[in-house]
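What follows is a single structure, written as structure tokens, with notes after it.
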Amino acid sequence: MGSVVDAPAVVAQNEEVAENMLGGKKVTVVFVLGGPGTGKGTQCANIVEHFGFTHLSAGDLLRAEIKSGSENGTMIENMIKEGKIVPSEVTIKLLQEAMIKNENDKFLIDGFPRNEENRGAFENVTKISPAFVLFFDCSEQEMERRLLARNEGRVDDNIETIRKRFKVYVESSLPVIEYYNAKDKVKKVQPQCETLSVYRMLYYKSWVFREHDM
């Protein structure tokens, strides 16, 4: 598995990148994966500011659907409370709509795919394969500490749901990392350090987002 520190050739000129058709537009996608509370959203904001990506959080899109009061929103809310993974077709549809509506053609997709079925469905439906995967690798103890400390009032930030999410993450999400690692598309970040230090590592020591004019 690669790291952001040693990644100057991650997206070389001759490497296959995700420039596939989506509603008539070509897009480049980077998956941002990691357990709950690893700081994916914080670092995505930094990447957006400096590298011109649009950040699409699968979790934020699902929570917005819940707030809409739709029938899908009620189903999503119940599944999140139980720590379960929302059906692929629901999340993929939300991601598709967000990418089509946005004028940008470079997207960080944060928190998806969360299992192998998600991954296969996304690639089959959208015909998009990620340029690479940015993987935030964090210990369970650190993830639990961060989630309990952030106190954002989210329905899934309680100890019972957090531990269910850990179990789902280990059983379902890690195989996705292994799949892309076998394709040499995974770049790992260790987020146990302070937020600024993590971003300095991403920005100053990595060429991941600068190669291929990303």
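Glycine residues also receive a Cβ, built from the backbone N, Cα and C atoms like all the rest.
Any TrEMBL annotation is an automated prediction that lacks curation.
Per TrEMBL, these features apply:
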- Gly37, Thr38, Gly39, Lys40, Gly41, Thr42, Arg150, Cys193: ATP binding site (BINDING)
- Arg63, Lys84, Ile85, Val86, Gly111, Phe112, Pro113, Arg114, Arg154, Arg165: ribonucleoside 5'-phosphate binding site (BINDING)
- Asn118: CMP binding site (BINDING)
Problem set entry | Cα-Cα distance linking the residue listed as 'CMP binding site' and Gly111 (ribonucleoside 5'-phosphate binding site), given in Å to the nearest integer | 11
Seminar exercise, completed: Listed in sequence order, the residues of the same chain lying six or more positions from the residue listed as 'CMP binding site' whose CB sits under 8 Å from its CB are Ile85, Ser88, Thr91, Ile92, Phe112, Val176
Problem set entry | The one of Gly37, Gly39, Gly41, Gly111 whose CB sees the fewest other CB atoms within 10 Å, among these binding-site residues | Gly41
Problem set entry | The one of Thr38, Thr42 whose CB sees the fewest other CB atoms within 10 Å, among these binding-site residues | Thr42
For this session: Give me the Cα-Cα distance between Gly37 (ATP binding site) and Arg63 (ribonucleoside 5'-phosphate binding site), rounded to a whole Å.
Result: 16
Exercise. Where Thr42 (ATP binding site) and Arg63 (ribonucleoside 5'-phosphate binding site) are concerned, what is their Cα separation in Å, rounded?
Worked result: 18
For this session: Measure from the CA atom of Gly41 (ATP binding site) to the CA atom of Arg63 (ribonucleoside 5'-phosphate binding site) and give the result in Å, rounded to a whole number.
Result: 15
Seminar exercise, completed: Arg63 (ribonucleoside 5'-phosphate binding site), Cβ-centred 10 Å count of other Cβ atoms over all protein chains shown, is 18
Exercise. Using a 10 Å radius around each Cβ and counting other Cβ atoms from all shown chains, which of the binding-site residues Lys40, Ile85, Pro113 yields the largest count?
Worked result: Pro113
